[in-house]
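Copied over from Swiss-Prot, here are the features:
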- 15-25: motif ''HIGH' region' (MOTIF)
- CYS146, CYS149, CYS158, CYS162: Zn(2+) binding site (BINDING)
- 328-332: motif ''KMSKS' region' (MOTIF)
- LYS331: ATP binding site (BINDING)
- 570-669: domain 'tRNA-binding' (DOMAIN)
Amino acid sequence: MPTDNDPILVTCGLPYANGPAHIGHLRTYVPADIFVRALRRMGHDVLFICGSDAHGTPIVVNAESRGMSPRELVEFYHKHFEDVFRSINVRFDYFGCTDDPSNHHRTQEIVRALMERGHVYPKEIELAYCPRCERFLPDRYVEGICPYCGVPARGDECDQGCGRHLEPGEIKDAVCKVCGTRAEYRKQTHYFFRLSAFREFLLDYLQRLGGTASARNYALEWVRQELKDWCITRNMSWGVKFPGSEDLVVYVWVDAPIGYISFTEEWCKAHGVPWERYWRGKSRIIHFIGGDIVYHHCIFWPAMLEGAGYTLPSDVVASGMLKIDDKKFSKSRGYVVWVKDDYLDQGLEPDYLRYYLASYTSHTKEVNFSWKILQEKVNTELVGAFGNFLNRAVTFAVKNFDGKVPEGELDPEVMKRIEMSVGDVSSSLMEYEFKRASDAVLSLADYANTYFQSHEPWKLIRSDRRAAGSVLRNCLQMVKAMIILMEPFMPSRMAVAWKQLGMESLDDIQFRDAVQPIPEGHPLGTPKILFSRIEDSTVKRLEEIFRERVRRAEGAGEKVKEKPVIPFDQFKALDLRVGTVLEAERIKGSDKLLRLIVDIGEKRQIVAGIAKMYKPEELVGRQVVVVANLEPVKIFGVESRGMLLAADINGDAVLLKPDKEVPAGCGIR
């Protein structure tokens, strides 16, 4: 196991080079950057790695629709993300791309190692094939029905229902996404990773995994069920070639996380450091990811690393999801805030957004982004508390003590309070509690404001100049501490604040320096307003941009995809009934599924993928429409004997119900 003296490698889930950055992306990258900056302020040896995810069917489909090559599309968005990260002060030590030669090489090396150790085997399977396009349909090239929960799904994932990863050939009623033709099924040989053989290893490993409990518990729920072997090849030309085959590439979720290793190699090569220090030694590897890719990082990835003989991640830190104005995040419905167009290009301070994302709520909980809440947090917490105290303290010292730190004793109570704040911030960040850490800095600012007000230096200066000097030296000591502790959250603004104390650079400053006495007679810089208020007119303008996007999305709508005509007798075979929900509860380990007991003339247990739209308590007593004669299926280990009918509004489920209450079990015709 790694110790406190071992090197630390921090990675972020790779941004997919298929579209622009939105603030949901930053929910992963900003906290990771804060964490890395804090580690360095605590004296740790840390390397910060990321890069663009360049492969997979969505990129190929998007590139084809634009009349460009996948590589051209990837290069465009790779640069876009580099620019956004630079602007938002996320500073990776290395930002690579999974289509770089080094990642092709490392991926093939790992796959060969897995094959040599007997963890990969060939198997003939049936795959969706489009007779019109004359090609096999991997992943996002095909849509159909999830075989586990019966809702519409993508070829590789049941994104609207049970959340399962779908293996090639599993999806039912497959349709080509390109031309809409019903797919045929044809046999072909593919390669599988023996994931099932790693079940006991994963159960033990996940019990020890650090990071957020949400990631660990979610993965454990999956592993406790049956683990199926994992198809790791696809019929595509874009990607990393599978060793020994010209027709197959490795699945994107094989080569994407291997990017963490190849990017580390590239940085190490440039700095004369052996890459094995991080991936074959006693290092601490910490993955920051979005909550939607826990399955891949906590199950597939550690099993591959164990199978190939690499160092395992010690922590997986999964963020909560994002809402926009209390609405579910949705690009198609317009509920999105683009980092460049909607924030940076509007002239807003990057550090404000960093502070918002870190301080709004606990890292694992859902963040609601709103321009009004941003305004309130900036104007109240940053301008009113933090900035107000800093400006008053520095301005008073400059005006009344010749622009220098006055002479005077440092109050033991003040120093104790600073020391407590350093401890609170450090421990909170090491536990990935970013809000708790930022709250600790704001608490010190509140204490400092109270100290300044209660000691009334503006009166004291007239009667006891030395006593007033002592008050101001203590205030400036607290300013110093606040800047050092807030730097990981707002690096640009704190660099400006640091110069107001007459200091040059924060680069080599440690958290422990917050309690080092500020020297008497030290020349101060020029006081300036650190934070500017966000005015009502700005909020109004930004909200109008957002509302216009929603209006355009609603006006455009999505064309309804017509399905093949079916015989009336096929429709008559459905047993549709009105049911009344008697019980509802969340299914442990899933953020999408609810377990319901529904009265349909008899009590039925039904699993429904509606947890993101409905709270369990809202459903009890509600009438619903049920398909009652479906074969029972197990979803997330829970038997489901029926399915609720719902409208699909851009991915949101809206339950159907009769326009007036009818007896439970009433048939529908």
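Yeah, the Cβs are placed from backbone N, Cα and C, and that goes for glycine too.
For CYS158 (Zn(2+) binding site), applying a Cβ distance below 8 Å and a minimum sequence separation of six or more within one chain yields CYS146, TYR148, CYS149, VAL151, ARG164, LEU166, GLY609. DSSP states for the motif ''KMSKS' region' (328-332), grouped as helix (H, G, I), strand (E, B) and coil, give 0 helix, 2 strand, 3 coil. Its Cβ placed at the centre, the residue listed as 'ATP binding site' has 16 other Cβ atoms within 10 Å. Averaged over the motif ''HIGH' region' (15-25), the predicted model has a pLDDT of 95. DSSP classifies CYS158 (Zn(2+) binding site) as coil under the three-state reduction. For CYS162 (Zn(2+) binding site), applying a Cβ distance below 8 Å and a minimum sequence separation of six or more within one chain yields CYS146, TYR148, CYS149, VAL151, SER590, LYS592, LEU593, VAL607, GLY609, ILE635, PHE636. The residues of the domain 'tRNA-binding' (570-669), classed with DSSP into helix (H, G, I), strand (E, B) and coil, number 7 helix, 45 strand, 48 coil. Excluding CYS146, CYS149, CYS158, CYS162, which define the Zn(2+) site, the same chain contributes PRO147, TYR148, GLY150, VAL151, ALA153, GLN160, GLY161, GLY163, ARG164, GLY609, ILE635 within 8 Å (Cβ to the Cβ centroid), listed in sequence order.
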